[in-house]
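Read the structure below first, then the notes.
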Amino acid sequence: MWVSNQSSLDDFILLGFSDRSWLETPLFVILLVAYIFALFGNISVILVSCLDPQLDSPIYFFVSNLSFLDFCFTTSTVPQMLVNLRGPEKTISYGGCVAQLYISLALGSTECILLAIMAFDRYAAICKPLRYPIIMNQRRCIHMATGTWISGFANSLVQSTLTVLTPRCGQRVIDHFFCEVPALLKLACTDTHVNEAELNVLGALLLLVPLSLILGIYVFIAQAVTRIRSAESCWKAFNTCASHLLVVSLFYFTAISMYVQPPSSYSRDRGKIMALFYGIITPTLNPFIYTLRNKDVKAALRRALTKEFWARTR
């Protein structure tokens, strides 16, 4: 009854962990701290990559794209989670739910392709070092990044539209933290086999195909690294690739477990855990795994902080 009394008929109810109210306060604190770290880490990477001339290279161009993507993704979902965890109402407007569905799915789809492009960049840098400036020239990098964003938002437009148009017969209680495709399809009061087939096909194209390309690219990279004679160069190549592979593993493991399965077999508890993982944990860890542990980025951060310090002391 509290749901009916505190929400309009146009709202969706995001239950989250309402059935485990003792979890809401510690979860709020954890999400808030993680969100602050995610904002700090990703904004730092974007600013340093854009402002420091020594980081003017293709890899940091794509890294700044990844950080901007993670910043937008967390901002599209986490604030609503925090509001629902602390307040008595667990609602989100219809328009807000549709916007959240479209934006989060678009950003997730974009990241699938972006990680594959970043793997190709590492392949060109390690396996074709002499031709690297030609292969990854500025114009080509911009075209690749633009195509990645367009593809991600186009995929989201298709999936989100099909999901939103599915009849729900007045059902509006979403047993989740935020609006996403599997959780919304659980509300359908009609046959969803077409939606499930479409979700699995597009999920396979956007998840399994880029992942297969990444794994194939790293086979060639591994062969090239074993031929490097310089221990320092070999370690640098391994360090960069290991960071990228860790980011890939964190992202694809959770995404595949969520989207390459029929929503009818969707487990609510697993879905919530995975949502927490790829919605906040992965975007928080990405800048620290991929860039802030990189000596070039740390040196750029020191230069930026030193410049700011001297500017303030004058």
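Backbone N, Cα and C define each Cβ position, glycine as well.
Here TrEMBL flags 27-47 (among others) as transmembrane segment.
The domain 'G-protein coupled receptors family 1 profile' annotation in TrEMBL covers 41-290.
For the transmembrane segment (59-79), the list of distant contacts is 31, 35, 38-39, 41-43, 45-46, 49-50, 99-100, 103-104, 107-108, 110-111, 114-115, 117-118, 121-122, 125, 141, 145, 148, 177-178, 240, 247, 279-280, 282-284, 286-287, 290-291, 297: same-chain residues at least six beyond its ends, Cβ to Cβ under 8 Å. Among the features that TrEMBL reports, transmembrane segment is placed at 59-79 (among others).
Look at TrEMBL and you will find 99-120 (among others) tagged as transmembrane segment.
Panel annotation: around the transmembrane segment (141-158), residues 58, 61-62, 65, 102-103, 105-114, 117, 198, 202, 206 of the same chain, lying at least six beyond its termini, place a Cβ under 8 Å from a Cβ of the stretch. The transmembrane segment feature in TrEMBL is assigned to 141-158 (among others).
Counting same-chain residues at least six beyond the ends of the transmembrane segment (201-221), those with a Cβ under 8 angstroms from any Cβ of the stretch are 109, 112-113, 115-116, 119-120, 122-123, 126-127, 155, 158-159, 237, 241, 245, 248, 252, 255-256, 259-260. Feature annotation from TrEMBL assigns transmembrane segment to 201-221 (among others).
Residues or ranges marked as transmembrane segment in TrEMBL: 242-261 (among others). Residues 66, 108, 111-112, 115, 118-119, 122, 180-182, 199-200, 203-204, 207-208, 211, 214, 218, 270-271, 274-275, 277-278, 281-282, 285-286, 289-290, 293-294 of the same chain lie 6+ residues outside the transmembrane segment (242-261) yet bring a C-beta within less than 8 angstroms of a C-beta in it.
What TrEMBL records for 273-292 (among others) is transmembrane segment.
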